[in-house]
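Database features (TrEMBL):
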| type | residues | note |
| --- | --- | --- |
| TRANSMEM | B:12-30 | transmembrane segment |
| TRANSMEM | B:65-84 | transmembrane segment |
| TRANSMEM | B:91-113 | transmembrane segment |
| TRANSMEM | B:153-174 | transmembrane segment |
| TRANSMEM | B:205-228 | transmembrane segment |
| TRANSMEM | B:278-304 | transmembrane segment |
Amino acid sequence: MSASGALPRWADVALIPALNLVLAFAISGLVILAIGEDPVAAVRIMIDGALGSSYGWGFTLYYATNFIFTGLAVAVAFHASLFNIGGEGQATLGGLGVALVCLALPWPHWALALPAATLGAALFGAAWAAIPAWLQARRGSHIVITTIMFNFIGASVLNYLLVNVLRPTGSMDPATGRFPPGTSLPTLHDMAAALGIAWGRNTPANVSFLIALLACFLVWVLIWRTRFGYELRAFGKSERAAVYAGINPVRITLIAMLISGALAGMMAVNTVMGEAERLVLNAVEGAGFIGIAVALMGRSHPLGVLLAALLFGFLYQGGAELALWTTIPRELITVIQALVILFTGALDNMVRAPVERLFARSRGAA
Amino acid sequence: MDFATLLQILDSTVRLGTPLLLACLAGLFSERAGVFDIGLEGKMLMAAFCAGAVAAVTGSPWAGLLAGVAGSVALGMVHALASISFRGNQLISGVAINFLASGLTVLLGQNLFHLGGRTPSLMKEGRFQPITLPGAETLREVPVIGPVYADLISGHSILVYLAFALVPLSWWVLARTRFGLRLRAVGENPAAVDTAGISVARMRYLALTITGVLCGLAGAYLAIALSAGFVKEMTAGRGYIALAALIFAKWRPVPALGATMLFGLLEAVSNRYQNLDLGGVVIPVQAMQALPYVLTVIILAGFVGKAIPPRAGGEPYVKER
């Protein structure tokens, strides 16, 4: 992230991300044109499919829940200038935590199982981030590389456990058995129905969405309203200055990564417990990586992360609808995601420099 | 395990190690010049697609190879633009490139061939064929040396021999030429290079072009030599294993050969044996698949030797005014 002194705050927070996004979407539009489809019609199908009905919204919010957790995970680490690229592995292990909790006891009611499973997910996710964090803090091993490696190691660990340990006898499918009925989370449809509102039948959005919103708020409090959050940001801005001020870099790195891993792990509550109700291979489906795009776009602020996660939830559901009604495959969303990461993350200066010049000139004229 | 089985495993080690070796050397040039590249995976994937598609249409592996290299270099230039010219975050740019390749290859493949993201299977002429080295058949009868020469050393495609030849060549370029000295200097202390009147940006662009070409060879090898056409996500994490091998080799060409062949051997063994029984102790296949990553983490942790990356790696160079 570059210095923002030359720009008014609104331009830094809203204008630049908006311009980056416009560029990313414009190129996506060109890609759609290039494969012989109509971008305007495509956008219409996506909006219709993702936001035109409570059915579409039910899926959009379900995907958004995943991206809020993984986006917050990346964002917390970004504040400490750490790039946690291991959300995928941490969420994979989080799924293991959820599954172990759900299968351990004959849970009488979801209200008891939910906090326990959330804790399990957070603990397993944090544990998977702990080794890279410790290696970064103590041995100086680059966290980007170690977390990438841990993504692959995590996939192998889960593969081994599902095939050899957790698979019920007689089943060919590398997955755990079904969770007991007492762990079944209420969907947003159930909750709306209890209030007498017909909303989102047969959609997977569930109570974890509310936990995700709570997590946004708690992360905001943590980063901007606590002593630790201050230390975290100070460390992220300048490690040397932070150390001079008496902040312990090992402690900050460790805690930041543990929180980051825990948040990524908690994503599994939504997918494993809320939707699949059993643990399957590859339950994360790339959501850990989308967290990177979400955090970059949301400028690592919880509110920004929430908005970006909703946008990506929309893209995901809209992309599924596109694949259903047109010849555009789902992978279009991967391209859009890549362009968003590229323009908001790596090519930020391309937009920022001319905008800064423009502002400097208008200031000079005034 | 008899001798013939051993030879077969070593033979597939060479086949599977070759794309890792090419990608690892690709990463070596980029990182030695001070630009982190976690986009090896994406460049390989793009190259595999371009190579598979063009070879299927033209029926010529050479045209496919050229297209693969072009596709990979194009993505490499996106990385260069972001990380050298616009001084963006090199890691984030690499992540973006991996996703760009993952999405674009399927999107274009489906659009061109309607096979669910695959390219059409290549006939014999569309692929690089194994080359029988002179005397392989006559020497086969000689005990030990004969089968090793005929089955292990002979009978690979031209890209395999090229990859092995690139190891000493890379060493020579980096260690013995003026260009190599400057390239390494740009990765260690760009300001000093700048003072000497050499453009840091130009050196890094050159390095990333070499990276693009080598990744292109790696991807093309996958699609039109090892297999008969491109399949969705066919790199399957090889770009990351190459990155691991690069660290394992501590950013040096000759150890890169050893590291990639070791990782190739692990892949060959885990392809052949589901669970490896070592006299009572059974090693599950997943452990072998995870081993390259575990070894890399151990090396990175500095418990076995220390892996010290180029000093200016990952930092955009800002010229003083």
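Note that Cβ sites are derived from N, Cα and C of the backbone, with glycine treated the same way.
Note: TrEMBL annotation is automatic and uncurated.
A quick note: this is a predicted structure, and the numbers were derived from the prediction, not measured.
Sequence-distant residue pairs (6 or more apart) of the transmembrane segment (B:65-84) and the transmembrane segment (B:91-113) include at least 3 whose Cβ atoms are under 8 Å, placing the two stretches in contact. Count of Cβ pairs under 8 Å against the transmembrane segment (B:12-30): among B:91-113, B:153-174, B:205-228, B:278-304, the largest is for B:205-228. Sequence-distant neighbours of the transmembrane segment (B:153-174) (same chain, 6+ residues past either end, Cβ-Cβ under 8 Å): 11, 14-15, 18, 21-22, 25, 28-29, 32, 65, 127-133, 136, 180, 183-184, 214, 217, 220-221, 225, 252-254, 256-257.
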